[in-house]
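**Student:** What follows is a single structure, and I will ask about it in a moment.
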Amino acid sequence: MTQRTLVLLKPDAVKRGLVGEIIGRIERKANWSITALELRTLGRDTLEQHYAEHVGRPFYEPLMEFMASGPIVALVVEGERVIEGVRALAGPTDPIQAAAGTIRGDFGTIVRENLVHASDSEESAEREIKIFFPGLA
Ligand code: RTP
Ligand code: MG
């Protein structure tokens, strides 16, 4: 089943020089390809759209501040079961609960600074891809 997903390498991943490492893990998966990629610093407007589902949660404001704190890398990845697949590569939200071998398990300790975002369903993927890459069909 071919799908596409939006992946963000969060500001901690970029600051710590983990972009190559993380993209490398995605690139090495069979039958996946990166079809869009951009480094940019996110403004409040983009973040409000992206995190609309979390408005009002206690972690919302600190998350918004963190996500605007430096450049991120946004990418669209296409391929076989890629939505479930990238979330499996990332590991659970809390890096301390994430197994070794996952991105969060190998590199993270803080829930907020958990290195990557990946769309969690086909609906979220289409919605999020439109926010970050409005020119993509
Ligand atoms: P993501 O959306 O980034 O792929 O991660 P996720 O689905 O695993 O996590 P989600 O529940 O959607 O939360 C979005 C991001 O908010 C930060 N967060 N902080 N308790 C906290 O301090 C807390 N909970 C969530 C994380 O950066 C999480 O990835
Ligand atoms: Mg999420």
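In case you wondered, yes, glycine gets a Cβ from its N, Cα and C as well.
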**Student:** Among R25, R44, R104, R127, which residue shares the ATP site with K10, F59, R87, T93, N114 according to TrEMBL?
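**Tutor:** TrEMBL names R104 for this ATP site.
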**Student:** Which one of the binding-site residues (R87, R104) has its C-beta surrounded by the most other C-beta atoms within 10 angstroms?
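**Tutor:** Buried the deepest by this measure is R104.
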**Student:** Around ligand 1, within a Cβ distance of under 6 Å, which of the binding-site residues F59, R87, N114 show up?
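**Tutor:** Those binding-site residues that pass the cut-off, since their Cβ is under 6 Å from ligand 1, are F59, N114.
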**Student:** Between 0 and 100, where does the mean pLDDT of the domain 'Nucleoside diphosphate kinase-like' (2-136) sit?
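**Tutor:** Mean pLDDT, the domain 'Nucleoside diphosphate kinase-like' (2-136): 98.
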**Student:** Sorted by position, what residues of the same chain at least six away from F59 (ATP binding site) have a C-beta under 8 A from it?
**Tutor:** V111, R112
**Student:** Count up the helix, strand and coil residues in the domain 'Nucleoside diphosphate kinase-like' (2-136) according to DSSP, in that order.
**Tutor:** 61 helix, 31 strand, 43 coil
